[in-house]
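Single-structure report; data block below.
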Amino acid sequence: MDKSTQRRALSVPHTSPQESQPHSCILCVSPQTCPGSGAQQVFRSEPRNLTVRSGATAVLKCELLRASGTVQWVKDGLLLGPERSLPGFPRYTMIGNLRRGQYNLKIENVQLEDDATYNCQAGRSESSEPIISDLASLNVLIPPSEPYFEMDTLQYWVAGRKYSVICVAPDAKPEAEITFYKDGEELTGAESFTMSGSADKLLNTRAQVTTKARSSDNGRQLLCQAKNSAHSSPVRATMTMNVYFPPQPPVILGLERQEVRAGTVLVLECMCQSGNPLANLQWTKDGEVVLKTWEEDPVAHMSRSVLSLRIRPADNQAVLSCESVNLVSVEPQSVSRNLTVIFDPAEVKLLGSFVAIAGEELILNCFATSSNPPVQIRWWLGNRELNSTAVVMEEGENGGMTTLSNLTHRVSKQDNGMKLSCVAFNRGTKVSKTQRAEVIVYYPPQNVWIDGPSQDVPLLAGTKIRLVCFSTGGNPPGNLIWYKNGRPAPNAFRPTLFDKGVTRELPLVLSASDNMAVYQCDATNEAEKTISAQIRLQVHFPAISMKITANSEPLYRGHTVTLECNSGSSNPKSNISWSLGTQRFQGVDRPHRKAEYGGFSVSSLLPLNLSSQLHNQRVICQSYSAELPEGAKTFFKLNVLYPPEFTPNQPTQIQVVEDDRASIPLLVSANPEEVSCVWLHHRETLLRGDLGYLWNMFFTLEIENVTRKEAGSYKVECTNEEGVGHTTIMLDVLYAPSVKAERDPVYVNLGDTADLICVADANPIISDMFSWKWLVRGEEEVEMGEEIQEDESSLLTIHCTANNGIATPATADVQLVVQFKPVIQKGAQWRKVASRGDGTSTAELVCRAEGIPNVDFVWEKNNMLMDFNNPRYEQRTVRDGSFHTSTVHVLNVSALLDYAVFSCTACNPLGDDKLDIQLVSTNHPDPPSSFRPVSVSYDSVTLEWIPGFDGGLPQRFRVRYFWDKSVSFLYMDVFPPGEATFTVGGLLPNTTYNFSVNAINAIGESGYADNNAVLTITTVGQLGVTLDPYSTWLMQNSLPAYLTVVFTVVFGVLLLVNSLGCFFGRKWRKNANDRAISPHRSTQSTVSNKYESREKINKAAQRTLLIDSGSETESNLYESYGLYIKEPVTHSLSHSYTSVRRHWRQGEGKCLAQGHNDSVYRRDSKPQPSDHETTRSTLCVYTLI
């Protein structure tokens, strides 16, 4: 009911008609004088208590007789209103026949909120008192909502355990009755109680029952059913019971027999039925797990695991088990099978020696390793079976048996080389293994003889001969051994077999010991019997030894010594001669005597006068005989003692580069060689251990990282036990130049002269040691005389380089700073800034100027100084060399306050410059400008333009073109956006096109470039030809096709001639530059990527001329002077380099340029007296405007 319609019920005591009759009877004379001309209104029918289900329609009756007052219904004391439609209660209406006084209350789709007490009342009228009916209750029945289980329905149960099941039937009126069913069977013993529901008058019923889980319950339904009088059909909730229970014992399939042959693959299957969850299976062998994988078949409710096992002998008597278990198993269940493996012996061995001397016995064993069952062993010699002596069987590995068979057999010569076999047979596997060996029977050789030179002819020592021993018969063939005088002879060749025996050669190089020596060859083998042969040799040999002795030692310079030479045994007798270098001497011979090996010994004496030159010389004594082609000799090395002496090759001057290692050799000889040398430098003694000085074992002085301080004379005094020696050595240290600038940087104003001076210290000093270079754009070096491109920097770095050929040239950088007044960068993009004036955006005003010294900025807004204390304005200045950038940020741009002209003034002590920047609203972009063609080919045209102001938003460009056969204009968007060069492709050859370009941003688009100008371009008609814009313009004229071709050919020839003319012209100008200076002005400009104004910041002409005058090496000190300037200096550092001739005018202290009168750069040299190697060079710079 609406609050505006709520009214309290009329409070009138209700009495029965009989009680009120005496008080309500009034006698009225006339209807006009009686206020209640009608009768009292009364109820014919009053509402009664009513019970109805939720959603049904309820009707409460109220009928009145003589109704005269306003009739209303009251719900729980609240008036519902007199209207029959009962506004505010869409489901409530008063129905019935008004003439009959029916005011029945109809409630549709009864809800819980309708459960209340109702009465009907009629208000006071002129003819009747108010009346109120009895209270009637409307009881609304609400069926329970869907019941639910108060438990985890996904939780599994374990068979055999008891579980409590709780079910709740919510929001019922009256309370619901709950019944439990398990697989259709009602569960008894449930307990329930009620509690408040989700709303007033609603009740929740909570019931609990205890049940025991069984394996058969798995997968079955548990039902909770709730109902009350509100509905005949109950509501239900179900859950599926997940009952875990252990599996059945497993079963093994696939092992029909317990005996399995080794090497086979045994496939066994383990199956386990039932269980929830299905069983986990694993295989074990002798308690160790061998397989943990299995498969589950939910349909058959079975687990299955297949074991594939390759049987080995080690598996004999093994126990294979399959175990099954799941989450609720108390312990694993298993089934086992025992394996019996039949296997062959792994190895059959023949033991014992198969070699014997004829007539001896062989004692052999045949052993078979473990097998199941044990093997049977038989012996065979060739095709003849031998009887074994004994057989022994023992327990072996893997539960098998080993077998050992013994054999004793007496051999004969005929048994040699026959095969002896041992055969082991396994009755279980029906497999036999055989082991064979060859029988070897030994017997001695029969004949031995020697083939060699005749014993009666003498042989010379050093002669190579061969003694060959032969032997026949025997098994094995005889082993031949050579002996010399009863001792084994070395170097004999290996024996060589032939069809009937063996031979062995003894090579000999005859020596003195072979004279009258006896050589013997013995033949023997394993039969232990030896036969021999002998031969004796005669040998002529020189002396076997030479020895020289002195009559006195030690030997001193100036003394005389006598040497004796003794010659050892020789055959025949020898003679002795002496020599020293190329000199030959005749000594004094003594009588000869007999010596070893049947030879003779002789001796001789030689006297010598000693000098230092004879030290370490060899005196040679030679023994010779006319019957021998060569003799023997020895030497005696003279050890002559003398004081230190310096050789004639001792250097007196050493040159070395600074920082290298200086090695000053000391070529001194002395005996004894233990020489101590003292070095003196600048009259100071150099001591071992001094920093930087090293002496090696050859008396060489080494100076690490030598410096110019170590230069000069070094005096050396060497001493040994015999005396003292002296010498002097000069050390000349060469070092690379070191260069420094006398002033850096050098500041110069426009119109002034700059003197750049650098000084170099070097050794040696050579002519043309100095050179000057420019550093262009901070990185590229340019020689003087070369032409360079224009550069907009005001800082010039000049390299002064000194090079005397030692190490790396030295360079000093001198920075020339040209001071000039500020010049602001200007152009279309610099003069406008766009921003939304909505108070939320920020505008950035940039003012960039070049100038030296530092530039300061002053900002004005509408010709009034800006106050940067205002938080809406932020100003920041950045300096990069000569470039200075001032940036002003205008915060929260307002169209009313900030759309104005901002003025930036850049100033320094030399002047100022000014730029006006207009802050405007974001708008469509300005049209591009300078629209022109770049190149033309047969199917494409490359165009170029300068972007205009972008309107404050990112802009892109669109090319429009058409030709005479096109239906309408064609458009191409330039990509990447913002590029100012674009190639239009896909064109037709020899076709005329009209091109235009405009700019587009987010707001709109500009007009077409250059006041809607149209470029008319004709593509060429030949593949592979690209024309420049001028050629394209020629083709745009209305000429016949053949004339177009003629013009194209002629123009190509002219281009070629022009190129050749430029080439030779440039070459001629380069030669002319050697005679005169020709200033050039560069006209090339670079389009900025950001600001396409194509304007230089400094518009002054920029050119500087440099002239290198070099230096003359007339003394160790050089000084340069500059020329004088005629023109003011410009701040630009782009130059055209020109060389001029110059000469030195003695005595005037200046250098003059010849052949040109313009302002130039020159470097002059002037000698200065100095006591050290220092060079000075001055660079004068003159710049032209």
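Using the three backbone atoms N, Cα and C, a Cβ is placed for every residue, glycine included.
For 1-22 (among others), the entry in TrEMBL reads region 'Disordered'.
Under the heading compositional bias 'Polar residues', TrEMBL lists 13-22.
The domain 'Ig-like' annotation in TrEMBL covers 31-133 (among others). With DSSP states grouped into helix (H, G, I), strand (E, B) and coil, the domain 'Ig-like' (31-133) comes out at 6 helix, 39 strand, 58 coil.
For the domain 'Ig-like' (143-240), DSSP puts the residue distribution at 3 helix, 54 strand, 41 coil. Positions annotated as domain 'Ig-like' by TrEMBL: 143-240 (among others).
Annotated domain 'Ig-like' per TrEMBL: 249-340 (among others), in sequence order.
The domain 'Ig-like' annotation in TrEMBL covers 345-440 (among others). Model confidence over the domain 'Ig-like' (345-440) is summarised by a mean pLDDT of 88.
The feature domain 'Ig-like' is assigned by TrEMBL to 445-532 (among others).
TrEMBL lists 542-622 (among others) with the feature domain 'Ig-like'.
Summarising the annotation, TrEMBL assigns domain 'Ig-like' to 822-921 (among others).
For 927-1022, the entry in TrEMBL reads domain 'Fibronectin type-III'.
Annotated transmembrane segment per TrEMBL: 1041-1065, in sequence order.
According to TrEMBL, the region 'Disordered' annotation covers 1155-1175 (among others).
Feature annotation from TrEMBL assigns compositional bias 'Basic and acidic residues' to 1159-1175.
Across 31-133, 249-340, 345-440, 927-1022, stretch 31-133 shows the highest tally of CB pairs under 8 A with the domain 'Ig-like' (143-240).
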